[in-house]
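Visitor: Below is the structure I would like to discuss, written out as structure tokens.
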Amino acid sequence: MSRIIGRKGINYIHRLNSASFTSVSASSIEKGQNRVIDASLTLIRERAKLKGELVRLLGGAKASTSLLGVPLGHNSSFLQGPAFAPPRIREAIWCGSTNSATEEGKELKDPRVLTDVGDVPVQEIRDCGVDDDRLMNVISESVKLVMEEEPLRPLVLGGDHSISYPVVRAVSEKLGGPVDILHLDAHPDIYDCFEGNKYSHASSFARIMEGGYARRLLQVGIRSINQEGREQGKRFGVEQYEMRTFSKDRPMLENLKLGEGVKGVYISIDVDCLDPAFAPGVSHIEPGGLSFRDVLNILHNLQADVVGADVVEFNPQRDTVDGMTAMVAAKLVRELAAKISK
């Protein structure tokens, strides 16, 4: 089903051709696609330039977090609601029920801590028949546009977990070398090619590791893993910390030091790393997960230069009426912004 939906844009173009545009050549369609992609990148480029200039004029920031939304859900193997997450997370970040300071006292209203460059228009691009190979390149290029405007660093709002591959690829290529990755998730997302989709949200870290974009990959919160997940972990030298041993691993995981000898550390948080008691609004509910304070302890105590991050797999269509998981995702974003900015 996901592969059929994944080709929706291409099928849409085919229907147009058969119905009323039979004389439109493939090259003309490609030129049109290129115009849409160029326009999409131009908007992100100009917004990043504006936000970067603002932060530089204010001065005093060595690193500043900039939000980039990637509302992509078609690579999910189950539900596609994560495509609707970025606006809900933004709404929750600025919800009047809480203040705009992080736990460590950083003020989110200060552009040196947090800016926003908008969303990659995923559905608009796909509606023009753009395939996933090109779409992944657009996402990577968008991340690089943010990073070109120093001191901005990307904090990406998913979307399903397939977005981590093009984002990490962009961060690694832009910095000129691999990073260490701290990945919090109920699942390892390291299938070689899940259900025939190499870009599946269940395969993102296989693409990252085989591309050489990460030196170390630490996966924390794992509690849904099969034989292939373990074999792939061994193949790539992944450090997998399962929930069944978390009480034993906790002292080490709450005092991590990462990134020495590489270009920095990337943090990827799948909201389903949390126990569903804390975050019910996810596509793949897995009981027995981390508490929210477990996650914050890991983040707050981490010794690292965090060069990028993502928060993925929040599904607003499964959230509670009062938007509890949206607030949870927003809190993760707020604390990640504090960790990145300096």
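Glycine is no exception: its Cβ is also placed from the backbone N, Cα and C atoms.
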Visitor: Of S77, S172, which does Swiss-Prot put in the L-ornithine site with G96, S97, T98, N99, D189, I190, Y191, S224?
Guide: S77
Visitor: Based on Swiss-Prot, name the residue from D110, D249, D270, D275 that is recorded for the same Mn(2+) 1 site as H161, D185, D189.
Guide: D270
Visitor: I need the CA-to-CA distance for G196 (substrate binding site) versus D270 (Mn(2+) 1 binding site), whole Å please.
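Guide: Checking the Cα atoms of G196 (substrate binding site) and D270 (Mn(2+) 1 binding site) gives a distance of 22 Å.
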Visitor: Write out, in the order they occur in the sequence, the residues of the chain not among H161, D185, D189, D270 that have a C-beta within 8 Å of the mean position of the C-beta atoms of the recorded Mn(2+) 1 site.
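Guide: Going along the sequence, the neighbours appear as S164, H183, A186, H187, P188, H201, S204, F205, S268, D272, C273, V312, E313.
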Visitor: Could you tell me which of these binding-site residues, D185, E195, has the greatest number of Cβ atoms within 10 Å of its own Cβ?
Guide: D185
Visitor: Which one is it: of the binding-site residues S97, N197, S224, D272, whose Cα lies the shortest distance from the Cα of H161 (Mn(2+) 1 binding site)?
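Guide: Closest by Cα distance to H161 (Mn(2+) 1 binding site) among the binding-site residues S97, N197, S224, D272: D272.
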Visitor: Report the nearest neighbour of D185 (Mn(2+) 1 binding site) in space among the binding-site residues N99, E195, N197, S224, D272, comparing Cα positions.
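Guide: Ranked by Cα distance from D185 (Mn(2+) 1 binding site), first place goes to D272.
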